[in-house]
Structure formats: C-alpha cells, structure tokens
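> Sharing a structure below in structure tokens format, with a few things to ask.
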Amino acid sequence: MSDGDYDYLIKFLALGDSGVGKTSVLYQYTDGKFNSKFITTVGIDFREKRVVYRANGPDGTVGRGQRIHLQLWDTAGQERFRSLTTAFFRDAMGFLLLFDLTNEQSFLNVRNWISQLQMHAYCENPDIVLCGNKSDLEDQRAVKEEEARELAEKYGIPYFETSAANGTNISQAIEMLLDLIMKRMERCVDKSWIPEGVVRSNGHTSTDQLSEEKEKGLCGC
C-alpha cells in the first residue's frame, strides 16, 4: 500500500510498567527484529504498519479486505510520565497492556493500568488485550500462566504470553485487538465513541463511513 492508500487509520496504545518490553514488542511486530539494547522510552513514541483485515461472516466466509494503517503508540511506563501517557488514552481505539512474566510487581500493577483506562479511555469498557511478555525466559518466570489467565477472565479480556525475543504470539495479540475494534465499529449504533483520529484515507472520518452502513446493534461500551 502506498501512502494514503488505506481504508482506516487506527491508533493502538501499548502500555504497562517500565521495562516490560513495550518498545521491543512493537519493534518485533513492525520490523520482525529484536533489539535488546533499546533504552527506556521517554514520553511517547510510535511505529506504523499496514495490514489487511478480513472479517469472517456468520457462515464462515471471509469478507472483503479492509486496508488498515496501524499507528502503534509506545508509552513511557515511569510514574513521572503518567499524566502525559493518560492524555493519549482517549485518542486510542485499542490497548495492548503488557506485564513482565519475570516481574511479579508488573503483573500486580495490571489492575492499576486497567483502572486508568476505565477512567481516561473513550469509554469505561475499552478493548484491551493483556500480554505476559518475556515468555522465552521460562527459567525466570515469576507469574504463573493460570494467575494471568484468571485475571484476564475477571476483566473479560484476551490473554497472550508473548516474547519480543522470538516473536511468539505478538502478531496474534495485535490481530486479536484489531478484530475486537473492527467488530465494535460494525455493531455500534452510536458512533460518538469513535476517536476523531480514526480517519479514512479519503479524508472522511470512520464515523462518516459507518453511518452509511446498516446499523447492526448497540455499542458495547
């Protein structure tokens, strides 16, 4: 896809404590590489990737491909940047929430991050995918998979164990998040929840596009 040749521009936000591997995960997704020497993110950074999204119909058939320009925003996890980070919550449509499988405190802080999202995101029930990162460091694991899955089930969100080092489940986690977002847009009658930054390449907002489609149900917020 060339510049501007897409159907939707969608922003995702990666968040979690400092050092959980947000930058490395996004870099692995966009570039297919692992860099162990990344310095701690200061403020906000982002990466981009073009993908084609195809929804499965109720009969199992694959729908028309939607060309998606993903902006993947990388946030600082340090407390001193928290006010800057939360300012970006409302403009994002989906959230990749990471913790470090070798750091129990980063897992315990997941509840705090979800509380922040419930307060500052576009609605109280935003689309979130939880990722336990650094699954390749099994001998250093401090968080049991059962614990993480139980927490994810409590909040009704998907859970993946990922590795930026070898790429395990990173594409699957982001594709799951995109699928949740696209399905939410399809079923919403009230389009006011959609952040203004979600635009079509022809200059129309996603709200303009969706208002032309058949209304299928209420928004899940």
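Glycine residues also receive a Cβ, built from the backbone N, Cα and C atoms like all the rest.
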> Can you say which of 38-46, 119-127, 191-199 is given as motif 'Effector region' in Swiss-Prot?
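Within the set 38-46, 119-127, 191-199, Swiss-Prot attaches motif 'Effector region' to 38-46.
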> Between Cys123, Cys188, which of the disulfide-bonded residues has its C-beta surrounded by the fewest other C-beta atoms within 10 Å?
Cys123
> Quick one: mean pLDDT on the motif 'Effector region' (38-46)?
59
